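One structure is given below, encoded as structure tokens.
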Amino acid sequence: MKAIIFFIGCLMLIDLVAGSRSGYPVTQKGCVYSCFWGSNWWCNAECTALGGSSGYCAWPSCWCYSLPDNRNIWGSYPNNCGKK
């Protein structure tokens, strides 16, 4: 049992050190990429185009895995969507 807990702890530490950033990517205007149920293929294509490993539609927005540090994600800076 201790070995399993140690193994899970190591996996969590590896994820923390590797710094994989996952989240809702935002456009240049600060808006999230909108999607609808069943458009996982579109979100996956958008996420990989942004440098992520993959993505899916977490309605109403695309969720991306392993985004590079130069991509902004929702919540990492003030929301400016729809503002001039």
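Note: Cβ is positioned from N, Cα and C throughout, glycine not excepted.
Quantities reported herein were computed from a predicted structural model and do not represent experimental measurements.
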Checking Swiss-Prot: of Cys64, Cys81, the cysteine bonded to Cys31 via disulfide is Cys81
Correct disulfide partner for Cys64 among Cys43, Cys47, by Swiss-Prot, is Cys47
From the list Cys10, Cys43, Swiss-Prot names as the disulphide partner of Cys62 the residue Cys43
Disulfide-bonded residues near Cys64 (disulfide bond): from Cys35, Cys43, Cys57, Cα within 10 Å gives Cys43, Cys57
Counted with DSSP (H/G/I as helix, E/B as strand, rest coil), the domain 'LCN-type CS-alpha/beta' (21-82) has 10 helix, 20 strand, 32 coil
For the disulfide-bonded residues listed (Cys64, Cys81), most other Cβ atoms within 10 Å of the Cβ sits at Cys64
Close in space but at least six residues away in sequence, with Cβ under 8 Å from that of Cys57 (disulfide bond), the same-chain residues are Cys35, Phe36, Trp37, Gly38, Ser39, Asn40, Trp42, Cys43, Trp63
For Cys47 (disulfide bond), the same-chain residues 6+ apart in sequence with C-beta under 8 angstroms from its C-beta are Pro25, Ser53, Ser54, Gly55, Cys62, Cys64, Tyr65, Leu67
